[in-house]
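Reading through the structure tokens given below for one structure.
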Amino acid sequence: MEVKTFAFLQIAVCIAIGIELICAGTNALNDEELFTVDYCGTNCTQQPNGSWTTCPGNCSCYHEDGKTDGFCLSTEYTDFTQFPNLTSEEMDAATPRPE
């Protein structure tokens, strides 16, 4: 009797964990937040005095510990929840018109 109860509880826990993982996976796919990383086309290097060469524009130098070279990357976080849902009329008004 105890073995059957223990086996039933194990199965119930496995099912609960599976449902939780499925829900977490679908929730992660529906997040309306976007983090983008773009390569700026240049690299950065550590100078003999310990400082790093500058990156162009809004790019920053990212490097591994102990390495003397890195990549110039631009990072941006966009939260799409701050934008309202547009109506059809607003979409039509924002559509470019041919000349």
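Any Cβ shown, glycine's included, is placed from N, Cα and C.
Swiss-Prot has this to say about the protein:
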SIGNAL    1-28  signal peptide
DISULFID  Cys40-Cys59  disulfide bond
CARBOHYD  Asn43  N-linked glycosylation site
DISULFID  Cys44-Cys61  disulfide bond
CARBOHYD  Asn49  N-linked glycosylation site
DISULFID  Cys55-Cys72  disulfide bond
CARBOHYD  Asn58  N-linked glycosylation site
CARBOHYD  Asn85  N-linked glycosylation site
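Feature map: annotations from Swiss-Prot on the structure.
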residue	record	DSSP class
Cys40	disulfide bond	strand
Asn49	N-linked glycosylation site	coil
Cys55	disulfide bond	coil
Cys61	disulfide bond	strand
Cys72	disulfide bond	strand
Asn85	N-linked glycosylation site	coil
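Neighbour list (Cys72 (disulfide bond), Cβ cut-off 8 Å, at least 6 residues apart, same chain): Tyr39, Cys40, Gly41, Thr42, Asn43, Cys44, Cys55, Pro56, Cys59, Ser60, Cys61, Tyr62.
Proximity of Asn58 (N-linked glycosylation site) to non-local residues of its own chain (separation of 6 or more, Cβ distance below 8 Å) is seen for Ser74, given in sequence order. Geometry remark: Asn49 (N-linked glycosylation site) versus Asn85 (N-linked glycosylation site), CA distance 52 Å.
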